[in-house]
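Novice: Marked as ATP binding site by TrEMBL: Gly21, Pro22, Ala23, Gly24, Ser25, Gly26, Lys27, Ser28, Ser29. Annotation comment: TrEMBL describes 17-227 as domain 'Cytidylate kinase'.
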Amino acid sequence: MTESLTKPSADAPVAIVAIDGPAGSGKSSVSRAAAERLGFGFLDTGAAYRALAWHALEHGSDTSDATAVLEVFGDFDYAISLDPADRWVRVGGTDVTAAIREPRVTDAVSGVARVPAVRQAVNDLFRRLVASAGLRGVVVEGRDITTVVFPDAPVRILLTAAPEVRAARRSTELGGHDAAAVAAALHKRDAADSTVVDFLTAAPGVQVVDSTHLDLDQTVDAVLNVVDSTMGARDGR
(Lines of atoms letter the chains of each structure in order from A and count residues from 1; the text may use other names and numbers.)
(Lines give C-alpha, C1' and ligand atoms only; values in the text may rest on other atoms or scores of the structure.)
Protein backbone atom coordinates (compact mmCIF):
# COMPACT_ATOMS: atom_id res chain seq x y z
CA MET A 1 0.00 0.00 0.00
CA THR A 2 1.33 3.42 -0.89
CA GLU A 3 0.94 6.64 1.04
CA SER A 4 -0.99 9.66 -0.18
CA LEU A 5 0.63 11.71 -2.91
CA THR A 6 -0.34 14.88 -1.07
CA LYS A 7 2.47 17.00 0.29
CA PRO A 8 2.32 16.95 4.13
CA SER A 9 3.21 20.59 4.65
CA ALA A 10 3.36 23.72 2.55
CA ASP A 11 6.86 24.30 3.92
CA ALA A 12 8.18 20.80 3.27
CA PRO A 13 10.49 20.55 0.25
CA VAL A 14 9.53 18.20 -2.57
CA ALA A 15 11.68 15.07 -2.40
CA ILE A 16 13.02 14.41 -5.88
CA VAL A 17 14.31 11.08 -7.14
CA ALA A 18 16.03 11.79 -10.47
CA ILE A 19 16.58 8.85 -12.83
CA ASP A 20 18.65 9.18 -15.99
CA GLY A 21 19.79 6.68 -18.59
CA PRO A 22 19.84 5.64 -22.25
CA ALA A 23 16.91 4.50 -24.38
CA GLY A 24 15.71 1.01 -23.56
CA SER A 25 17.17 1.02 -20.06
CA GLY A 26 13.71 0.75 -18.52
CA LYS A 27 13.60 4.27 -17.08
CA SER A 28 9.87 4.78 -17.52
CA SER A 29 8.57 1.44 -16.22
CA VAL A 30 11.04 1.32 -13.34
CA SER A 31 10.47 4.94 -12.37
CA ARG A 32 6.69 4.58 -12.46
CA ALA A 33 6.78 1.44 -10.32
CA ALA A 34 9.19 3.07 -7.86
CA ALA A 35 6.92 6.11 -7.61
CA GLU A 36 3.94 3.89 -6.81
CA ARG A 37 5.91 2.06 -4.11
CA LEU A 38 7.08 5.33 -2.58
CA GLY A 39 3.73 7.08 -2.81
CA PHE A 40 5.40 9.75 -4.95
CA GLY A 41 4.35 11.45 -8.14
CA PHE A 42 5.91 10.39 -11.44
CA LEU A 43 7.12 12.71 -14.20
CA ASP A 44 8.03 11.22 -17.57
CA THR A 45 10.03 14.09 -19.06
CA GLY A 46 10.40 12.38 -22.42
CA ALA A 47 6.65 12.77 -22.90
CA ALA A 48 7.10 16.54 -23.22
CA TYR A 49 9.51 16.19 -26.13
CA ARG A 50 7.27 13.60 -27.73
CA ALA A 51 4.26 15.88 -27.29
CA LEU A 52 6.16 18.76 -28.88
CA ALA A 53 7.21 16.51 -31.78
CA TRP A 54 3.55 15.51 -32.23
CA HIS A 55 2.52 19.18 -32.08
CA ALA A 56 5.11 20.08 -34.73
CA LEU A 57 4.04 17.23 -37.00
CA GLU A 58 0.39 18.23 -36.66
CA HIS A 59 1.40 21.71 -37.86
CA GLY A 60 3.28 20.21 -40.80
CA SER A 61 6.58 21.53 -39.47
CA ASP A 62 10.00 20.11 -40.26
CA THR A 63 11.19 18.70 -36.94
CA SER A 64 14.80 18.75 -38.14
CA ASP A 65 14.59 22.53 -38.59
CA ALA A 66 15.35 24.32 -35.30
CA THR A 67 13.65 27.52 -36.44
CA ALA A 68 10.47 25.65 -37.36
CA VAL A 69 10.47 23.83 -34.02
CA LEU A 70 10.84 27.09 -32.11
CA GLU A 71 7.94 28.58 -34.05
CA VAL A 72 5.51 25.83 -33.03
CA PHE A 73 6.86 25.87 -29.48
CA GLY A 74 5.35 29.33 -29.15
CA ASP A 75 1.82 27.89 -28.90
CA PHE A 76 2.72 24.59 -27.24
CA ASP A 77 0.06 24.25 -24.51
CA TYR A 78 1.24 21.21 -22.56
CA ALA A 79 -0.18 19.39 -19.54
CA ILE A 80 0.74 16.06 -17.95
CA SER A 81 -0.50 13.98 -15.03
CA LEU A 82 2.00 13.28 -12.25
CA ASP A 83 -0.12 10.46 -10.82
CA PRO A 84 1.60 7.15 -11.70
CA ALA A 85 -1.76 5.37 -11.52
CA ASP A 86 -3.57 7.80 -13.83
CA ARG A 87 -1.26 8.86 -16.63
CA TRP A 88 -2.29 11.26 -19.37
CA VAL A 89 -0.69 13.84 -21.63
CA ARG A 90 -2.55 16.72 -23.27
CA VAL A 91 -1.68 19.36 -25.83
CA GLY A 92 -4.14 22.21 -26.12
CA GLY A 93 -6.86 20.13 -24.51
CA THR A 94 -6.29 17.16 -26.84
CA ASP A 95 -5.40 13.87 -25.16
CA VAL A 96 -2.22 12.69 -26.89
CA THR A 97 -1.25 9.97 -24.41
CA ALA A 98 -1.32 7.28 -27.11
CA ALA A 99 -0.50 9.48 -30.09
CA ILE A 100 2.93 10.48 -28.78
CA ARG A 101 4.01 6.83 -28.92
CA GLU A 102 3.34 6.54 -32.64
CA PRO A 103 6.36 5.61 -34.82
CA ARG A 104 6.26 8.95 -36.68
CA VAL A 105 6.66 10.76 -33.35
CA THR A 106 9.45 8.45 -32.23
CA ASP A 107 11.28 9.19 -35.49
CA ALA A 108 10.89 12.95 -34.98
CA VAL A 109 11.54 13.40 -31.28
CA SER A 110 15.35 13.53 -31.36
CA GLY A 111 15.30 16.46 -33.77
CA VAL A 112 13.00 18.38 -31.46
CA ALA A 113 14.98 17.53 -28.33
CA ARG A 114 18.27 18.69 -29.86
CA VAL A 115 17.20 22.36 -30.04
CA PRO A 116 19.02 24.08 -27.11
CA ALA A 117 16.40 26.80 -26.61
CA VAL A 118 13.67 24.17 -26.50
CA ARG A 119 15.58 22.09 -23.96
CA GLN A 120 16.08 25.10 -21.72
CA ALA A 121 12.41 26.08 -21.85
CA VAL A 122 11.19 22.52 -21.32
CA ASN A 123 13.60 22.00 -18.42
CA ASP A 124 12.18 25.12 -16.77
CA LEU A 125 8.71 23.65 -17.33
CA PHE A 126 9.72 20.45 -15.54
CA ARG A 127 10.95 22.41 -12.53
CA ARG A 128 7.70 24.38 -12.37
CA LEU A 129 5.61 21.22 -12.65
CA VAL A 130 7.40 19.59 -9.74
CA ALA A 131 7.42 22.71 -7.57
CA SER A 132 3.72 23.44 -8.07
CA ALA A 133 2.41 19.87 -7.92
CA GLY A 134 1.67 19.88 -4.20
CA LEU A 135 3.31 16.47 -3.77
CA ARG A 136 5.69 15.32 -1.05
CA GLY A 137 7.89 13.61 -3.61
CA VAL A 138 8.29 13.04 -7.35
CA VAL A 139 10.27 10.46 -9.30
CA VAL A 140 11.51 12.29 -12.39
CA GLU A 141 12.94 10.29 -15.28
CA GLY A 142 14.62 11.30 -18.50
CA ARG A 143 17.91 12.20 -20.07
CA ASP A 144 20.06 14.84 -18.30
CA ILE A 145 17.64 14.87 -15.35
CA THR A 146 20.45 14.09 -12.89
CA THR A 147 22.89 16.64 -14.29
CA VAL A 148 20.97 19.58 -15.77
CA VAL A 149 17.33 19.58 -14.67
CA PHE A 150 17.69 18.51 -11.04
CA PRO A 151 21.44 18.38 -10.29
CA ASP A 152 20.76 18.96 -6.58
CA ALA A 153 18.14 16.21 -6.17
CA PRO A 154 18.74 14.19 -2.98
CA VAL A 155 18.65 10.95 -5.00
CA ARG A 156 20.20 10.77 -8.46
CA ILE A 157 20.44 7.47 -10.31
CA LEU A 158 21.84 6.43 -13.69
CA LEU A 159 19.87 3.39 -14.84
CA THR A 160 21.71 1.44 -17.48
CA ALA A 161 21.99 -1.98 -19.12
CA ALA A 162 24.08 -3.66 -21.79
CA PRO A 163 23.18 -2.49 -25.33
CA GLU A 164 21.99 -5.92 -26.44
CA VAL A 165 19.74 -6.19 -23.38
CA ARG A 166 18.27 -2.76 -24.00
CA ALA A 167 17.56 -3.71 -27.61
CA ALA A 168 15.90 -6.99 -26.60
CA ARG A 169 13.68 -5.23 -24.06
CA ARG A 170 12.65 -2.55 -26.51
CA SER A 171 11.90 -5.21 -29.14
CA THR A 172 9.59 -6.94 -26.65
CA GLU A 173 7.88 -3.64 -25.83
CA LEU A 174 7.25 -3.10 -29.53
CA GLY A 175 5.59 -6.47 -29.94
CA GLY A 176 8.55 -8.50 -31.13
CA HIS A 177 10.00 -6.17 -33.75
CA ASP A 178 13.25 -7.37 -35.32
CA ALA A 179 15.91 -7.14 -32.61
CA ALA A 180 18.64 -6.07 -35.03
CA ALA A 181 16.51 -3.23 -36.38
CA VAL A 182 15.60 -2.13 -32.87
CA ALA A 183 19.27 -2.22 -31.85
CA ALA A 184 20.18 -0.06 -34.85
CA ALA A 185 17.41 2.40 -33.98
CA LEU A 186 18.56 2.62 -30.36
CA HIS A 187 22.15 3.19 -31.45
CA LYS A 188 21.02 5.92 -33.84
CA ARG A 189 18.98 7.64 -31.14
CA ASP A 190 21.79 7.36 -28.57
CA ALA A 191 24.23 8.86 -31.07
CA ALA A 192 21.87 11.72 -31.90
CA ASP A 193 21.02 12.53 -28.30
CA SER A 194 24.63 12.30 -27.14
CA THR A 195 25.38 15.46 -29.11
CA VAL A 196 23.24 17.33 -26.57
CA VAL A 197 23.47 15.40 -23.29
CA ASP A 198 25.80 12.84 -21.71
CA PHE A 199 23.47 10.14 -20.44
CA LEU A 200 25.91 7.21 -20.46
CA THR A 201 28.34 8.45 -17.82
CA ALA A 202 27.39 8.94 -14.18
CA ALA A 203 28.23 12.43 -12.94
CA PRO A 204 29.76 12.84 -9.47
CA GLY A 205 27.19 11.92 -6.84
CA VAL A 206 25.03 9.91 -9.25
CA GLN A 207 24.62 6.25 -8.31
CA VAL A 208 24.57 3.61 -11.05
CA VAL A 209 21.98 0.83 -11.18
CA ASP A 210 22.88 -1.72 -13.86
CA SER A 211 19.83 -3.80 -14.76
CA THR A 212 21.55 -6.05 -17.30
CA HIS A 213 20.94 -9.15 -15.18
CA LEU A 214 17.84 -7.92 -13.32
CA ASP A 215 14.15 -8.22 -14.11
CA LEU A 216 11.73 -5.34 -13.57
CA ASP A 217 10.93 -6.09 -9.93
CA GLN A 218 14.59 -6.58 -9.06
CA THR A 219 15.49 -3.30 -10.75
CA VAL A 220 12.76 -1.44 -8.87
CA ASP A 221 14.06 -2.95 -5.62
CA ALA A 222 17.59 -1.83 -6.50
CA VAL A 223 16.36 1.72 -7.12
CA LEU A 224 14.41 1.72 -3.86
CA ASN A 225 17.49 0.50 -2.01
CA VAL A 226 19.31 3.58 -3.27
CA VAL A 227 16.42 5.75 -2.11
CA ASP A 228 16.45 3.98 1.27
CA SER A 229 20.16 4.52 1.77
CA THR A 230 19.90 8.18 0.83
CA MET A 231 16.54 9.32 2.15
CA GLY A 232 15.04 6.53 4.22
CA ALA A 233 11.88 7.13 2.21
CA ARG A 234 11.02 3.74 0.84
CA ASP A 235 7.32 2.84 0.90
CA GLY A 236 6.41 6.21 2.38
CA ARG A 237 8.59 6.06 5.48
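Cβ atoms here come from the backbone N, Cα and C positions, even for glycine.
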Novice: Using DSSP and three states only, what is Lys27 (ATP binding site)?
Specialist: helix
Novice: Around the ATP site recorded as Gly21, Pro22, Ala23, Gly24, Ser25, Gly26, Lys27, Ser28, Ser29, what other same-chain residues have a C-beta within 8 angstroms of the site's C-beta center?
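Specialist: Once Gly21, Pro22, Ala23, Gly24, Ser25, Gly26, Lys27, Ser28, Ser29 are set aside, the remaining close residues are Val30, Leu159, Ala161, Arg166.
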Novice: On average, what pLDDT score does this prediction assign to the domain 'Cytidylate kinase' (17-227)?
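Specialist: In the predicted model, the domain 'Cytidylate kinase' (17-227) has a mean pLDDT of 89.
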Novice: Count, for each of the binding-site residues Ser25, Ser29, the other C-beta atoms lying within 10 angstroms of its own C-beta, and report the residue with the smallest count.
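Specialist: Across Ser25, Ser29, these binding-site residues, the one with fewest Cβ atoms within 10 Å is Ser29.
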Novice: Tell me the Cβ neighbour count for Gly21 (ATP binding site), meaning other Cβ atoms within 10 Å of its Cβ, over all protein chains shown.
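Specialist: Taking every protein chain into account, the count is 27.
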Novice: Among the binding-site residues listed here, Ala23, Lys27, whose Cβ has the fewest other Cβ atoms inside 10 Å?
Specialist: Ala23
